[in-house]
Number of protein chains: 2
Amino acid sequence: MKPSLPQGTRDFDAATVRKRNYIFDTIKTVFELYGFQPLETPAMEHLETLMGKYGEEGDKLIFKILNNGLDNAEKAEKVKAGFEKILEGKSSTALTERALRYDLTIPFARYVAMNYNQLTMPFRRYQLQPVWRADRPQKGRYREFYQCDADVVGSKSLLNELELVAMYTTVFNRLNLPVEIRLNNRKILTALAEQCGGADKMTTIAIAIDKLDKIGIDKVKEELQQRGLSGEQIDLIQRFLEINGTNEEKLATLKAIFSGNETGEAGISELEYIIETSNVKRQTSDINKSDISPDSYQDQTLVIDPTLARGLNYYTGTIFEVKALNVKIGSIGGGGRYDDLTGLFGVPNVPGVGISFGVDRIYDVLTEINGFPADVHTGTRVLFFNLGTAEALKAFELMQQLREKGIAVELFHEPSKFDKQFKYAEKKEIPFVAILGSKELESGEVVIKNLKTGTQSPLAFGAITDYSFAG
Amino acid sequence: MKPSLPQGTRDFDAATVRKRNYIFDTIKTVFELYGFQPLETPAMEHLETLMGKYGEEGDKLIFKILNNGLDNAEKAEKVKAGFEKILEGKSSTALTERALRYDLTIPFARYVAMNYNQLTMPFRRYQLQPVWRADRPQKGRYREFYQCDADVVGSKSLLNELELVAMYTTVFNRLNLPVEIRLNNRKILTALAEQCGGADKMTTIAIAIDKLDKIGIDKVKEELQQRGLSGEQIDLIQRFLEINGTNEEKLATLKAIFSGNETGEAGISELEYIIETSNVKRQTSDINKSDISPDSYQDQTLVIDPTLARGLNYYTGTIFEVKALNVKIGSIGGGGRYDDLTGLFGVPNVPGVGISFGVDRIYDVLTEINGFPADVHTGTRVLFFNLGTAEALKAFELMQQLREKGIAVELFHEPSKFDKQFKYAEKKEIPFVAILGSKELESGEVVIKNLKTGTQSPLAFGAITDYSFAG
């Protein structure tokens, strides 16, 4: 049997794991600096926990797990009974009762609802785990991929939004990845719908926004007219779609458009607060820069984008989206504020706000811009040559001393010709070799060779722990 | 809907994640010091990759994934056609083609077979990922749990065994967990079977070994007689079962029993080599102890156990098993040497040796002996009180400076009474609070209170990054 991998899944070799961990660790470190605590949930949830939460399309893309023990006669009868449902694309509990995690939000909501009385509110959690979706695989889209979320629930304060924006800028500064953080507020879109005749106009507006890039403003206007919007309403939408300039200018235009509309004014004022307070860091960057990490000066751009709509049905306040600058790829992050995380699980009125990092795409961007630090590849530092039984045991003794010092070392597994052992070191990109033959065993020395520079020099056994295997 | 978790699965809260990561990180660090490189494989494999590899019982415990798109008419027909197979407990590819990882060994074998020509041999990999088994859940047995394996393949050298033993002792030294590492060699058990009439006697001997503790030597002898073994053969088995004393004494008895049996002598000589060379470290422990980590002196016990049988059908040479001392629990580690990892996947003659850590049990042992270090709980260090809009923004500015210094801080999410904010800090075990009210805003100071000692003192804004929030 010639082995292969299921479609849309991947093995990660050592170099890839290390680069992915560099991204994961950078994000986790920042999450922790902001007081977020780790949570891990199981890969499988009850099917009923997941079904109906992601829309009809989403339900179909959930990986369901076949019940075990179907050879049991009693169970088999139930499977038969429920079988017609399966053929209709519905799930039969006789056949499947569990499913794989589809995102991290619903398991988080399930966790908060289950443990609500034990949790100290506001509750800040981060979660970095794989999810599974039966999507058609294509370039950059996998059936198993990681999500990376930070949420704070149990608080309506805008200070949370301020901190989440700061987390985005800090993470992308640390990754040396220039991004644009786009901001909007769902209340502004609601206000626009209100002014166009009511909340049911939201879909029409969303479609117009979506098509603007593809078909241009004139065709959009035509379509809005066909959908029964008045000239005045269409003018308003056009004015809204054409908002541009600096953040300050955009805020001014928004204020003019929504003057007197309570919902709109609330959304604009929230947006304004985040933009203004996010400048705090810039004002403090006059402290000694050489003394501190790059976090203190804000390289990242915060941009108001009134047309940003992201997950309209779910979010109720601030909306975030992150785009990498200079690289053509979809958004590499996003999130927003919601009013009710856990209502579906019997615990109403838990508001919150969260952000998410698209770690697979961030990996792709860093690969494209050659953005991984050189020292991400931290494999074995020193290969000890194996030149005989007694020599190998003496090598092992020295190696144990180096390992105690935190230096990763390997012994070639069997006595072989120099050539073969050198090749192994080269293939595995091990920067140093240590040669300990019968002559060295007698003289109490080991020869250290730097494979990059080609220099080599003898070293007394007792001096090996003082040697720096750097560079 | 009242939410719950599928049977046998668990959520891990922050405290648990941190303690688990302490174990994972300790093991990973040691793996890396010995030149092992990380590998990650997907949660799902082709069903045919897994089926038939774990015995008939194992096949039943594999979690299978329901195919998607069963509402498609063509697919539905196939499902109907294959449905009878399902009711017989067999899998129909129309219904399921993928399954969840059941262990880390088979995915590793699949990976090595798929990538054999690209890999530099010997290939050392470690892997730390969850696996899923549809076992009946009970105390200490879960349906989702982590495995943690290190293997080196493509080498027959006993130096690998020596290094794996050193890895076990180093990990358990670093975890401050006293263990006994039991060693045996499959060849010795093969030799015993040979001397008792042939390889087919292995099962009889294994059962005898297994029952010894429960029914005693006399009943074991009775049973062996019933199974047709001669008096001489039974005497031999009794002599074998009664081997005791120091490792050196056990080796001497083994040599006497298997004198002239080639297989037996080979196994004994391999065992002897590992025991003797593993003492190397002890002989080198005269180097300055205060200067180095505890790895250099071997606290752990290496014990020959001729009755150790572990996975008889799989292993062909050295066998390892690790038992915690002073704690009643099953083995917390195990492994051994095998001749052929990838034959099932079309690549024959890849020998190897590996060890595994039972991380869930290690967690339970460390919990029982109170063995987690106090600083595993590294949550937020400082809670900044929120005493008004302007005060909070100034606090945020100071907080950003502390975060740049690597100190995890939080701002209380809304202006509240002192009492409420203190309670939040206490519940979350945050050791310091920083109080910045209107008075402090004017004077340019923040009051730092240590919640453990109760002491508090004012600190100039500019001095905050020099303050140590330790202890």
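Glycine too: its Cβ is placed from the backbone N, Cα and C atoms.
Note that the structure is predicted; figures quoted are calculated from it, not measured.
Listed features, source TrEMBL:
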| type | residues | note |
| --- | --- | --- |
| DOMAIN | A:1-368 | domain 'Aminoacyl-transfer RNA synthetases class-II family profile' |
| BINDING | A:Asp103, A:Leu104, A:Thr105, A:Arg133, A:Gln147, A:Asp151, A:Arg310, A:Tyr314, A:Tyr315 | L-histidine binding site |
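According to DSSP, A:Gln147 (L-histidine binding site) sits within a strand segment. DSSP assigns A:Thr105 (L-histidine binding site) to a helical segment in the three-state reduction. Counting only residues at least six positions away in the same chain, the Cβ atoms of A:Asp149, A:Asp151, A:Gly354 sit under 8 Å from the Cβ of A:Thr105 (L-histidine binding site). Within 10 Å of the Cβ of A:Arg310 (L-histidine binding site) there are 16 other Cβ atoms, across all protein chains.
Under the three-state DSSP scheme, A:Arg310 (L-histidine binding site) falls in the coil class.
Set side by side, the binding-site residues A:Gln147, A:Tyr315 differ in how many other CB atoms lie within 10 angstroms of their CB, and the most is found at A:Tyr315. When pLDDT is averaged over the domain 'Aminoacyl-transfer RNA synthetases class-II family profile' (A:1-368), the result is 88.
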